Structures are given as C-alpha cells and as structure tokens.
Amino acid sequence: MYILRSCMEKKVLKIGQISDAHIGDDDRLVQDIDVRKNFLTAYNSESMKDLDLLVLSGDLADNASTDAYSFIAGVIKDSKVPVCIIPGNHDNLEVMEKVFDLKDKVHNGKCYYRYDLDGRSIFFLDSADGTVSSDQLSWLEQETAKIDGEVLLFLHHPPCLCGHKFMDLRYSMKNIAEVQATLSKIKNLKHIFVGHYHSEMTIQLEDKTVYVTPSTQMQIDPNITVFCLSSAAPRWRLIEWGENFMETKVYFSNTP
C-alpha cells in the first residue's frame, strides 16, 4: 500500500477493479466454482459503492462465449459509473466487440485506450496474446508524454515476474524486457494495476509499483510450481487515487 497525503487540489477518485471472473456458459460451474455468484458478490459488495470508475481487467469469460459476455453486460448495463474493459488471454476481442461498446477503443485488433476522469488520465493496454505490441508501447510513450500529472495504467498481464512459482513459470508476459524498457521512460507513471495471476501480490519495478489483483473466480497457490487452488472465494480491489495520494485494498468474501 502506498500512501502519501498532502494538500490535494483534486478529489480522490475511487476505482474498483474486478479481474479474472472467468464466466462460463449459462449457469454452469467453472472448475466446480459458481463464478457468476462470485462475480456478483464482488460487484454488489459495499466496497464497490460510490465508485467513480469500475475496471474489468481481463479474462471476463472462461471460453470467450457470447453468453458469458452477455451475462456481464447485463450486470453492468445499469451501472451509475463508467466501466472500462480490457481483454485477457481467455477472451476473444471480436466476440467482446459484439456485446460491449468498445467503439474507438480497438485499433488493428488490439483494445487499448486512454480514459480521462476528473482531469486525470488512465491508460489501458491489451496483453491478451501474452505480449504488449510495439504499436501500443509507442502510443503509450507518446500519450503519457503529453500529460503533466501522474497517470495510471491497467493491463491484464504483469509486466514483470512476480515470484509466483506456477504463473511465472508457465504464463508470464512474453515480451517483458521490451515492455519494461518503455515503462522505464514514463516518469509520470508510478502505479500499474494488473490481474492474470489469481493472487494478490505487490511488486516494486524500479520507481513503479505493480499491484496484482486476485480473481473473483479462484486463487492459485503462488508457492508451488504445479497448479493448486488455494481458495474458491472471490477477491477484488478498491483503489483510491488522489493528487500525491494512492491507497489500495483487496477485499474478499469468506464464502465462495
């Protein structure tokens, strides 16, 4: 958790992050877990009230089905706050485009964009294929250079190894070095929020902090090299971001 309080000129933004919901078809369980119930537990939790923005940071669906995306679309359609979405490695962007309003967010088959909120800028990248394309990296470097204040970044894959023995070994980002080279140039980026690893982790990457948000589907034991489910209870993140101020907390339900 990073906290630095000072005389703040702008309001503190409350951002909710839900990651790796892995919604299946119909009401079928995914790996014997009621993933729809888990998603609703997070979405309807008291911690997600009075948000300024909700971020769904990839792996919305388990098998990229229209039915899964339609379920999520039905849940968020009456949201009183904007919802920003990016795909993960289990998602299919073409199917997502048929269900969600991603107008002006998809470029050459990748979903990446900037979202401005209360005078601050939040960036979203597409790492669904396990990489962040050079086009996205060039765009990110150019766009962040136009901004005087601090920015936030969301993407699905962590741009670093995290000490997660199972995920680092099998499913880490494929072009970490290239991504880190670009990120190191962006001095007004201090906080990066990701998912993918089904664990809560906080990693220091030079002058930036990478916050790995756990899953609403299930959690994976980070301490062994083979897959081992450590919990089927949903977890999600609340971010409070102000001027020279960042506070973030992961919430969880005790019952799956």
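Including glycine, each Cβ sits where the backbone N, Cα and C put it.
Swiss-Prot annotations:
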type: BINDING; residues: Asp20, His22, Asp59, His198; note: Fe cation 1 binding site
type: BINDING; residues: His22, Asp59, Asn89, His90, His198; note: AMP binding site
type: BINDING; residues: Asp59, Asn89, His156, His196; note: Fe cation 2 binding site
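This view paints the features noted in Swiss-Prot onto the structure.
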| residue | record | contacts (Cβ under 8 Å, 6+ apart) |
| --- | --- | --- |
| Asp20 | Fe cation 1 binding site | Ser57, Gly58, Asp59, Gly88, Gly195, His196, His198, Pro214, Ser215, Thr216, Gln217 |
| His22 | Fe cation 1 binding site | Val30, Val35, Asp59, Ala61, Asp62, His90, Ser215, Gln217 |
| Asn89 | AMP binding site | Gly58, Asp59, Ser127, Ala128, Asp129, Gly130, His156, His157, Tyr171, His196 |
Within 8 Å of the Cβ centroid of the Fe cation 1 site residues Asp20, His22, Asp59, His198, which other residues of the same chain have their Cβ?
Ser19, Ala21, Gly58, Asp62, Gly88, His90, Gly195, His196, Ser215, Thr216, Gln217, Met218
Residues close to AMP site centre defined by His22, Asp59, Asn89, His90, His198, Cβ within 8 Å:
Asp20, Gly58, Asp62, Gly88, Asp91, Gly195, His196, Ser215, Gln217
For the Fe cation 2 site built from Asp59, Asn89, His156, His196, further residues of that chain with CB within 8 A of the site's CB center:
Ser19, Asp20, Ser57, Gly58, Pro87, Gly88, His90, Asp91, Ser127, Ala128, His157, Gly195
